[in-house]
Amino acid sequence: MLLQRIFRAVIMGPPGSGKGTVSERIVKSFGLMHLSSGDLLRANIKAKTELGLLMKSCIDQGQLVPDDVISRLILTEMRNIDQSSWLLDGFPRTVSQAESLDNVCSVDTVINLDVPYQTIKQRLTSRWLHLPSGRVYNIDFNPPKIAGLDDVTGEPLIQRDDDTPETVTRRLKAYENQTQPVLEYYRSKGVLETFSGTETNKTWPHIQAFLSKKLSPQY
């Protein structure tokens, strides 16, 4: 679809909600630029920029990267692409970050993926990894031929620490506590659109229809 005007969207959803898949489909279908805070963070660390070095020292010490540092990183990038349409992923995570973003540009739509925690827990705790190759298996829909072993090498599979049931529960709780105020912030501005479901393939047509309408010239 050829965009008639600049359009800016934020996508939100807990870990395991299918945010990455939906983001890819939005970018492909509507031609938005995908801005991921995680990708920007890694690129700055790799390039050893001033912000990158600051963030690396936080991460190395096991600390969360401060709000204002993440805001500076994202907002600098925003100013570089102020004439582009984009989909922002992983930011804002706090109300203060949302307010910083509003000071730079206006957000047209916030897409919130609402997936039951039980579904997410099942998705994440079913993931097993062959570390040397990066091959990922899912016990429910992409299991290894022999339980616990990689199909190609026969080597043992492992479960990432952050995919264990206890850690997943902690991560989901932390996400909820942190982002609920952000969702309320955008709800009060009238730009929040929530899509609920347990399967990305069933949720996607609704998201696609919503964005098609939102981006049509007569909207």
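Cβ atoms here come from the backbone N, Cα and C positions, even for glycine.
Keep in mind that TrEMBL annotations are predicted by a computer and have not been checked by a curator.
Since this is a predicted model, take the numbers as computed values, not measurements.
These come from TrEMBL:
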BINDING   Gly16, Ser17, Gly18, Lys19, Gly20, Thr21, Arg127, Val136, Tyr137, Thr200  GTP binding site
BINDING   Ser37, Arg42, Gln63, Leu64, Val65, Gly90, Phe91, Pro92, Arg93, Gln97, Arg160, Arg171  AMP binding site
DOMAIN    127-162  domain 'Adenylate kinase active site lid'
REGION    36-65  region 'NMPbind'
REGION    126-163  region 'LID'
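Figure note: comparing Cβ neighbours within 10 Å for the binding-site residues Phe91, Tyr137, the maximum is reached by Phe91. Binding residues for GTP (Gly16, Ser17, Gly18, Lys19, Gly20, Thr21, Arg127, Val136, Tyr137, Thr200) extend across at most 19 Å, taking the greatest CA-CA distance. Residue pairs drawn from Ser37, Arg42, Gln63, Leu64, Val65, Gly90, Phe91, Pro92, Arg93, Gln97, Arg160, Arg171, the listed AMP binders, are separated by up to 30 Å at the Cα level. Note: the Cα of Arg160 (AMP binding site) and the Cα of Gly20 (GTP binding site) are spaced 18 Å from each other. The region 'NMPbind' (36-65) scores a mean pLDDT of 87 in the predicted structure. Counting in whole angstrom, Gly20 (GTP binding site) lies 12 from Ser37 (AMP binding site) by their C-alpha atoms. Helix, strand and coil counts under DSSP for the domain 'Adenylate kinase active site lid' (127-162) come to 2 helix, 12 strand, 22 coil.
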